[in-house]
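Student: So TrEMBL has the following annotated:
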type     : residues  : note
DOMAIN   : A:14-184  : domain 'Cytochrome c assembly protein'
TRANSMEM : A:21-44   : transmembrane segment
TRANSMEM : A:56-81   : transmembrane segment
TRANSMEM : A:93-113  : transmembrane segment
TRANSMEM : A:133-149 : transmembrane segment
TRANSMEM : A:161-181 : transmembrane segment
TRANSMEM : A:201-224 : transmembrane segment
Amino acid sequence: MWKWLHPYAKTERAYQLCLTLQPWFWAGALLCLSIGTVWGLAFAPQDYQQGDSFRIIYIHVPSAILSMGTYVAMAIAALVGMVWQWRTAYMSMIAMAPIGAVMTFIALFTGAAWGKPMWGAWWVWDARLTSELILLFLYMGVIALYGAFEDKQQAGKAAGVMALVGVVNIPIIHYSVEWWNTLHQGATISKFDNPSIAPEMLWPLLINLLGFAFFIGAVTTVRLRNEIVLREMHRPWVQTLAEQQLANSQQKRAASQKSMKEGN
Amino acid sequence: MQFESFAAFINMGGYAFYVWLSFGVTFVAMGIIAIQSFFKHQNLLKQVVVEQERKARIKRARKQQQAST
């Protein structure tokens with residue numbers, strides 16, 4: 001496995017891998033998100049207690065689960081960077097941080113918009129909500145710390161340590177609904193043997209979960225490519241790549257202008 | 001379809017504001033991060049080319065200087 005994995009530590013191979021994966025991720029995200037969202041909004045049955053407000057679940061739960069999942073992925077990347085001294089691992093760590101922060105923001109925001117009609121409050125300082133807010137601050141801390149260093153190798157190490165220490169927060173978020181008395185309801189779908197949700201409600205939720213995962217993958221591949229170009233700016237392969245791509249986009253622009261003129 | 005009419009669908013059983021606010025903010029946020037990542041890529045590529053030209057310019061200037069002295 002190591003023999004197979006090792007070439008991807010090279011930035012050029014990692015860049016190519018991102019290029020190959022990217023279209024699949026975008027297609028998967030578009031497909032799953034449109035099916036899951038339309039299904040969840042229009043075709044899933046109403047909740048007997050919460051009426052139609054429960055439909056927020058179709059974005060709230062996937063974004064909340066994946067805000068934690070992305071954090072764990074980020075921390076694993078930081079660990080790999082530290083143990084094997086892979087620069088590419090730090091790059092993927094920092095590529096994942098912004099999209100993870102966006103997922104956390106979405107989870108918090110949709111939670112607030114769900115809490116207002118159901119609990120009567122946009123925000124309460126309860127264990128689940130507070131620990132998720134801390135997760136947002138952890139993401140911001142990693143991004144800010146990385147940005148604070150001029151030397152990006154140093155930046156990767158410092159931000160990596162912070163990402164690793166922050167992993168402590170993940171089990172706290174997960175078990176917060178059991179350890180403390182909270183307004184937030186308990187786990188619904190992570191009890192796979194006996195999920196407390198009807199299958200016709202569960203399916204769109206799982207599809208949207210997959211869609212969010214694809215979306216995170218897609219944005220990560222774009223951002224990892226950005227990071228590689230930024231860090232390897234002086235490598236010949238990046239320079240030829242930049243020239244080629246810019247020439248391509250200029251050609252396209254010229255062609256579209258030409259067709260517009262002909263149309264007029 | 002769970003709703004009897006399109007108006008009922010928009011109304012979301014009286015929770016229209018909260019449901020559409022959530023979905024709206026979610027997809028706007030996702031759109032912003034995706035578009036920002038793409039634009040950054042374009043800008044970085046331009047930056048690479050500009051940097052290369054600057055280097056070439058410096059090299060040329062040095063050569064000229066050496067030739068004149």
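Just so you know, glycine gets a Cβ as well, placed from its N, Cα and C.
Bear in mind that TrEMBL entries carry predicted annotations, made automatically and left uncurated.
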Student: Taking the transmembrane segment (A:21-44) as the reference, which of A:56-81, A:93-113, A:133-149, A:201-224 gives the largest number of Cβ pairs under 8 angstroms?
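Tutor: The listed stretch sharing the most Cβ pairs with the transmembrane segment (A:21-44) is A:201-224.
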Student: What residues elsewhere in the chain lie close to the transmembrane segment (A:133-149), defined as a C-beta under 8 angstroms and at least 6 residues from its ends?
Tutor: 67-68, 71, 74, 93-94, 97-98, 100-101, 104-105, 108, 155-156, 158-159, 162-163, 166, 169-170, 173
Student: Tell me, roughly as an integer, the mean pLDDT over the domain 'Cytochrome c assembly protein' (A:14-184).
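Tutor: Mean pLDDT for the domain 'Cytochrome c assembly protein' (A:14-184): 90.
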Student: What parts of the chain pack near the transmembrane segment (A:93-113), using Cβ distances under 8 Å and only residues at least 6 beyond its ends?
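Tutor: The answer is 56, 59-60, 63-64, 66-67, 70-71, 73-74, 77-78, 81, 122-123, 129, 132-133, 135-136, 139-140, 142-143, 146, 155-156, 159-160, 163, 212, 216, 219-220, 223-224, 226-227.
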Student: In terms of Cβ proximity under 8 Å, which residues at least six beyond the ends of the transmembrane segment (A:56-81) contact it?
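Tutor: Here the qualifying positions are 36-37, 40-41, 44, 87, 89-90, 92-93, 96-97, 99-100, 103-104, 106-107, 110-111, 113-114, 132, 135, 138-139, 142, 156-157, 159-161, 163-164, 166-167, 169-170, 173-174, 188-189, 204-205, 208-209, 211-213, 216.
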